[in-house]
Structure formats: C-alpha cells, structure tokens
Amino acid sequence: MNFNHFDEQGHAVMVDVSSKQETMRTATAAADVIMSAELLAAIARKSVSKGDVLGVARLAGIMAAKKTDDLIPLSHPLSLHSVSIEFDQDPAACRIQARCTVRAFERTGVEMEAMTGAAVAALTIYDMCKGTDKSISIANIRLLYKEGGKSGLYRREEAA
C-alpha cells in the first residue's frame, strides 16, 4: 500500500496536486447521533432549551466544512462551491443522521470537507443536547458518495 503523504525519509508532506486536472468534485458523508426517544421528539418539536438544534447544527457543519484545511494538517485549502447539511430523523432507531454534501471545481477531492461537516454537525447536536440526555453517542462517521477526479465514482452500499 502506497501512502503519498510521506516523503522518502518518512516525513509527512502535503501532496503536490499542481499537475492534476481540475474537475468537478462532489462528496457526501454522514454521521449518526443516537439518543433517547424523548430527546429525539423534543428536537423534532424544537423544544430543546438551547433552541433550534438542527438549525444551529446545520450552520456549524457548513462552517466546519469550510475550515477543514485548518483542522486536518495535510488537507489542501479548497474553494468550495457548495456545502449542504441535511438531517434524517429515524424514531425507530432513536437516531438522527447528519449528512453533508460538498461540491468544488478543484484538483483534489472534497471527501474530508464532507466528513468534517457531518462530524461537526453531529458534535453540535451533542453539545446542544448533552444537558438533557447524557447517553447521546455519535457513531459511524463515513463517506457515502464521491465523484470526480481520476479515481471516479464511489458509492457506499448502505443497509436499509
């Protein structure tokens, strides 16, 4: 397995993408927030004491995706064209899935931006609700979809 984030001496380096072709890059990532049924219902009713949990989490996820290169040491600073955060509430599983989709016309992929956006949206849900439900957990941060660039299309097969 070849890791291109290391030079011949084993030092971490930012990969040189200057010779790569700019193409439209898209990535979608998700993170699951598991909580009590009571808290999930309160979030849906927008009756959590700290306010509109999903509205704040949406903004936090968008902001985080734009700051990825400040957080992940070897990621490239990118000019993002679009960041969206969506939430799917699953009462049967007591879960909210935060999903982040990022698009950019760039020389490198936007997977890390999508993963960062989904993760921070999930962390924000936790932060706004931790006083109500101490058992909240965040699980399964993952890439769902990516396209663009030399490696082409990737789509994760998710169980229904």
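The backbone N, Cα and C atoms fix where each Cβ goes, and this holds for glycine too.
Feature annotations, courtesy of Swiss-Prot:
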type: ACT_SITE; residues: Asp127; note: active site
type: BINDING; residues: Leu74, Ser75, His76, Met112, Glu113; note: substrate binding site
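Known features from Swiss-Prot, placed on the structure.
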{"residue": "Leu74", "record": "substrate binding site", "contacts (Cβ under 8 Å, 6+ apart)": "His5, Ala12, Val13, Met14, Val15"}
{"residue": "Ser75", "record": "substrate binding site", "contacts (Cβ under 8 Å, 6+ apart)": "Thr68, Asp69, Met112, Glu113"}
{"residue": "His76", "record": "substrate binding site", "contacts (Cβ under 8 Å, 6+ apart)": "Met14, Val15, Val17, Asp69, Glu106, Arg107, Thr108"}
{"residue": "Asp127", "record": "active site", "contacts (Cβ under 8 Å, 6+ apart)": "none"}
Discussion item. Applying a 10 Å Cβ distance cut-off over all chains shown, what neighbour count does Met112 (substrate binding site) have?
Written reply: 22
Item to complete: Express in Å, rounded to the nearest integer, the largest CA to CA distance found among the substrate-binding residues Leu74, Ser75, His76, Met112, Glu113 named in the record.
Response: 12
Worksheet item: Including all protein chains displayed, how many Cβ atoms other than that of Glu113 (substrate binding site) lie within 10 Å of its Cβ?
Response: 30
Practice prompt. Using DSSP with the three-state reduction, classify Leu74 (substrate binding site) as helix, strand or coil.
Written response: coil
Item to complete: Determine which residues of this chain, when Leu74, Ser75, His76, Met112, Glu113 are set aside, have a Cβ within 8 Å of the centroid of the substrate site's Cβ atoms, and list them as they appear in the sequence.
Response: Thr68, Asp69, Ile72, Leu78, Thr108
